[in-house]
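Colleague: Sharing the features that Swiss-Prot gives for it:
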- 49-229: domain 'UmuC' (DOMAIN)
- ASP53, ASP146: Mg(2+) binding site (BINDING)
- TYR58: site 'Substrate discrimination' (SITE)
- GLU147: active site (ACT_SITE)
Amino acid sequence: MAESPIVNHPEQGLCRDCLSLQKTQTSRRCHACGSPRLIRHKELYRLSLAHVDCDAFYASVEKRDNPDLRDKPLIVGGGKRGVVSTACYLARIHGVRSAMPMFKALEACPDAVVIKPNMEKYARVGREVRQMMRDLTPLVEPISIDEAFLDLSGTERLHKAPPAVVLARFSKRVENEIGITASIGLSYCKYLAKVASDLEKPRGFSVIGEAEALDFLRDKPVGMIWGVGKAFAAKLESDGIRTIGQLQTMEEGALMKAYGTMGQRLYRLSRGQDSRKVEPDHDMKSVSAETTFNTDLSAAGDLVPVLRALSEKVSRRLKAGEIAGRTIVLKLKTQDFKLRTRNRQLGDPTQLADRIFRTGLQLLEKEMDGTRFRLLGIGVSDLSPSDRADPPDLVDIQATKRAVAESAIDRLRNKFGLNAVETGYTFSKGNLARTQTPTDRDNEP
């Protein structure tokens, strides 16, 4: 549990604009500046675990850099054959969503402006936001380029303010100095901090306290459980489980018998129990990506393109973080929810999609015995700085050529978008590799 034990503040509110503490509980506006942007919660000054998520990050950066786009629906993504990377909130009103095929997005919002992603620029802005987070606490755990968990417990004396006030200051600083907005979720555990940050986007600041957790979760759909994608939610619904409240009435043993290790997660998170600590990025143990399929798959022609797409996703994160890993880990879940993990250690650390994929493929081929799989994942562990990664292969000249080609592809994708270049593995099965992903989790412990 992440709470601030130092000061018992009598005030129950905070103004997000002037940052004054609110002593009255009935006023709808700040007593100091008149702003309606007030936060009130009984545990506001005790909680210290936060999830920070920049709002429509890619689109917000583009609108910041081009004021002419401010009042226009904006989609960041590939061409007509590509997919949406992100969309501004004006476009979302029309039904545009991330990962939507571009032609469908333009059907939903024909007046949208489409911009190809500039990953170098987004990474640069992401690093600026990350540094501001580290100014608050050393306990920053990045989840992606634009979001992270922060543990501010024990920082009240340093900042001379409780974590809620420090986070509100941070939000204003990001808006004023970087020119984009962020939403904040404050709670006592990672799971509910993440849930809270999604409640009032954009420019949100939501709080979920420990005392209210069970009641808050009771009527929520099972899809709100971290790690429950569309396919698994459909499975639970077919078993008669639609709400988190139903999970709260079930025994842990029964859930584990029905759903394996995922049953334990369902039991604990449905009760707001999440003991995971915030782990700083320099202690990150692995980088991974996984997908749960709409339909259980067994054929190589279906599995291999997805493995390639996931390998490229892991590779992008390694390169963005300037890290590499020495152990490749393959993760499979069978149709009866049994988990298989296989790993292989490399001679040198890697961040190349080609090496990750080819090693993962060797592991996957040994498991393709007709078994149908509902989940496929690939990851890299034993992480280290990338300065010693992927030395030239003096034996396998083709591997060196593939590494050079991958570097060229990276430059093209950074300039023109992720779908500017596709490999032979993903091109013919592109729709499967890109859209068969109702559950897509990264770095799950």
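Using the three backbone atoms N, Cα and C, a Cβ is placed for every residue, glycine included.
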Colleague: Within its own chain, what residues at least 6 apart in sequence put their Cβ under 8 Å from the Cβ of TYR58 (site 'Substrate discrimination'), listed in sequence order?
Modeller: VAL76, SER85, THR86, PRO117, TYR122
Colleague: Would you find the one among the recorded positions ASP53, ASP146, GLU147 whose Cβ has the most company, meaning other Cβ atoms within 10 Å?
Modeller: ASP146
Colleague: DSSP three-state call for ASP146 (Mg(2+) binding site): helix, strand or coil?
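Modeller: Once the DSSP labels are grouped into three classes, ASP146 (Mg(2+) binding site) ends up as coil.
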Colleague: Under a three-state reduction of DSSP output, how is TYR58 (site 'Substrate discrimination') classified: helix, strand, or coil?
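Modeller: For TYR58 (site 'Substrate discrimination') - judged by DSSP and reduced to three states - the answer is helix.
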Colleague: List the Cα distance (Å, whole number) between GLU147 (active site) and ASP53 (Mg(2+) binding site).
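Modeller: Given the Cα positions, GLU147 (active site) is 4 Å from ASP53 (Mg(2+) binding site).
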Colleague: Any idea what the model's mean pLDDT is for the domain 'UmuC' (49-229)?
Modeller: 93
